[in-house]
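A.B. asks: Quick one: structure below, then a few questions.
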Amino acid sequence: MKIISEATPDFPYQLRTWTSTESIDSAGKVDEPAKAWNRAVIQGFHGAEPEEQAQEKIVASIAKDQQQIYAIYPSEIRPGSLPATDPVATYSSFVGTLNVGEALLATDMITAVTVRPSHRRRGILSRMISTDLTAAKEQGVPMAALTASEATIYGRFGFGEANRYRSITVDTSLGFALRSAPVGTVELAPADTAGQVQAELFKSFHAATFGSISRPDHYRAMVSGEWTFDNPERDSKVRVAVHYAVDGSIDGYLSYKHLGYQSQPVTLEVIDLLALNPQAYLALWQFLADVDLSSAVNWDGAPANDPLLWALADSRRYKVNREVDSLWLRPLDIPVLLNARRYFGAGQIVLKVNDRLNLAAGRFALTVRDGKGHTEVLSAEGPADIEMDVAALGSLYLAGVSARTLWEAGRLDFGTEAAAVELFDEIFRTPVQPVSRTDF
């Protein structure tokens with residue numbers, strides 16, 4: 001454990017950090033600081049107080065991710081309140097990868113961010129996030145990412161919404177039909193194999209899917225029903241199905257459960273669904289529709305541009321309950337991330353990027369030819385074709401939104417010419433929307 005900063009009169013809190021591998025011994029026993037940190041995280045997300053068994057499962061899982069843990073401790077406590085050994089704020093991060101078309105880009109993945117309600121608006125989150133982002137940049141990680149519990153928190157730290165997902169309900173009652181018959185076969189599989197099947201499929205999915213980001217280790221346990229952060233006990237209602245291609249290979253899988261007969265309509269809930277091609281995706285949906293004693297399917301993770309809607313014979317069976325932000329991106333090293341991306345357009349453009357944290361500010365000349373980008377760092381002063389905040393670049397990087405849309409929304413400098421906006425969109429255009437199937 002390392003003390004990053006001591007308490008001062010202006011900031012009466014101590015910031016500590018440690019690696020998750022330090023928190024658990026060879027026998028699987030968890031140390032007290034990690035237990036207190038876990039309690040604070042789970043309390044922040046309104047979960048049940050974790051027992052010893054749950055602590056061991058959680059810490060063992062985050063140790064596999066090699067997470068860097070951050071915790072804020074108060075310099076003083078009031079009589080009868082939680083002890084000083086319990087952090088008032090938590091944060092962790094680990095290095096994963098983001099599929100940017102041409103490469104898998106190293107990315108600082110941020111998770112477990114909580115601040116106790118009685119200690120908010122005191123600069124605590126700012127201290128943790130600026131410390132982590134600075135460390136990530138110093139370590140050569142060019143991008144940071146997170147999934148946000150609230151959409152208004154992270155923009156001020158330079159994060160921009162990069163893609164979206166849908167929460168859907170599909171009516172699978174009598175009459176459900178796809179416009180064309182699915183290819184391949186779907187079979188039930190043992191639930192305890194789901195973790196490994198998911199891991200192997202996700203490796204292929206991640207390598208092939210623009211906008212995909214790494215999954216943390218706990219997915220193995222979640223999709224099999226072994227345990228979740230909310231429930232350390234096995235969920236015996238979880239079922240697993242796999243899709244076999246014509247050649248016999250597994251190219252899709254599904255984890256789901258029945259919500260019980262008290263739900264009206266009687267509903268199946270998708271826990272996870274991965275498919276390496278459209279045929280496997282539609283076949284898994286046909287399987288869900290064929291499950292007896294159910295007449296609806298809920299999935300809180302459908303892509304925003306979902307082909308299922310267009311595959312249904314009756315598209316009104318597809319109901320979007322909500323569409324919300326999924327992945328948020330925060331550029332840290334603009335030349336590296338611009339050069340790493342695959343491009344489908346071509347041209348040259350000068351960008352000016354403003355950054356309140358001064359981690360990625362500057363003026364950059366991007367030249368794109370034959371799908372590859374070359375970025376030159378220019379002097380800070382001088383003209384630019386297009387000027388934006390670093391959060392806007394986070395949103396634009398994967399082309400999940402167009403520059404024209406952000407320009408019309410007032411998110412780009414109003415002095416930007418329409419021709420420059422069109423040029424940016426031409427350079428950054430992609431044939432597919434970015435898709436992420438990871439929540440972290």
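Every residue, even glycine, has its Cβ placed from backbone N, Cα and C.
TrEMBL labels come from automatic prediction, so no person has curated them.
TrEMBL feature annotations, pasted as is:
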DOMAIN    56-179  domain 'N-acetyltransferase'
BINDING   Val113, Thr114, Val115, Arg121, Arg122, Gly123, Ile124, Leu125, Ser126, Ser149, Glu150  acetyl-CoA binding site
ACT_SITE  Tyr154  active site, proton donor
ACT_SITE  Phe440  active site, proton acceptor
A.B. asks: What is the total of other Cβ atoms whose distance to the Cβ of Tyr154 (active site, proton donor) is within 10 Å?
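C.D. replies: Its Cβ has 23 other Cβ atoms within 10 Å.
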A.B. asks: To the nearest whole angstrom, what is the C-alpha distance linking Ile124 (acetyl-CoA binding site) and Phe440 (active site, proton acceptor)?
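C.D. replies: That separation, Cα to Cα, works out to 21 Å.
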A.B. asks: Glu150 (acetyl-CoA binding site) to Phe440 (active site, proton acceptor): how many Å between their Cα atoms?
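C.D. replies: Glu150 (acetyl-CoA binding site) to Phe440 (active site, proton acceptor), Cα-Cα distance: 14 Å.
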A.B. asks: Greatest CA-CA distance (Å) over the residues Val113, Thr114, Val115, Arg121, Arg122, Gly123, Ile124, Leu125, Ser126, Ser149, Glu150 that the record ties to acetyl-CoA?
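C.D. replies: Site span for acetyl-CoA, by Cα atoms: 20 Å.
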A.B. asks: How would DSSP class Ser126 (acetyl-CoA binding site) in three states?
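C.D. replies: The residue in question, Ser126 (acetyl-CoA binding site), is helix (DSSP, three-state).
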A.B. asks: Run through the Cβ atoms and count how many others sit within 10 Å of the one on Ile124 (acetyl-CoA binding site).
C.D. replies: 20
A.B. asks: Specify the secondary structure state of Glu150 (acetyl-CoA binding site) as given by DSSP, simplified to three classes.
C.D. replies: coil
A.B. asks: Among all chains shown, work out which of the recorded positions Val113, Val115, Arg122, Glu150, Phe440 has the most CB atoms within 10 A of its CB.
C.D. replies: Val113
A.B. asks: With DSSP as the yardstick, break the domain 'N-acetyltransferase' (56-179) down into helix, strand and coil residue counts.
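C.D. replies: Going by DSSP assignments, the domain 'N-acetyltransferase' (56-179) contains 30 helix, 45 strand, 49 coil.
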A.B. asks: In sequence order, which residues at least six apart in the same chain have a CB under 8 Å from the CB of Ser126 (acetyl-CoA binding site)?
C.D. replies: Phe157
A.B. asks: Out of Val113, Val115, Arg122, Phe440, give those recorded positions positioned within 10 angstroms of the residue listed as 'active site, proton donor', comparing C-alpha atoms, in sequence order.
C.D. replies: none
A.B. asks: Please report the distance from the Cα of Val113 (acetyl-CoA binding site) to the Cα of Phe440 (active site, proton acceptor), rounded to the nearest angstrom.
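C.D. replies: Cα of Val113 (acetyl-CoA binding site) to Cα of Phe440 (active site, proton acceptor) measures 11 Å after rounding.
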A.B. asks: How long is the line from the C-alpha of Arg122 (acetyl-CoA binding site) to the C-alpha of Phe440 (active site, proton acceptor), rounded to the nearest angstrom?
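C.D. replies: So the Cα of Phe440 (active site, proton acceptor) lies 25 Å away from that of Arg122 (acetyl-CoA binding site).
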A.B. asks: By the DSSP assignment reduced to helix, strand and coil, which category contains the residue listed as 'active site, proton acceptor'?
C.D. replies: coil
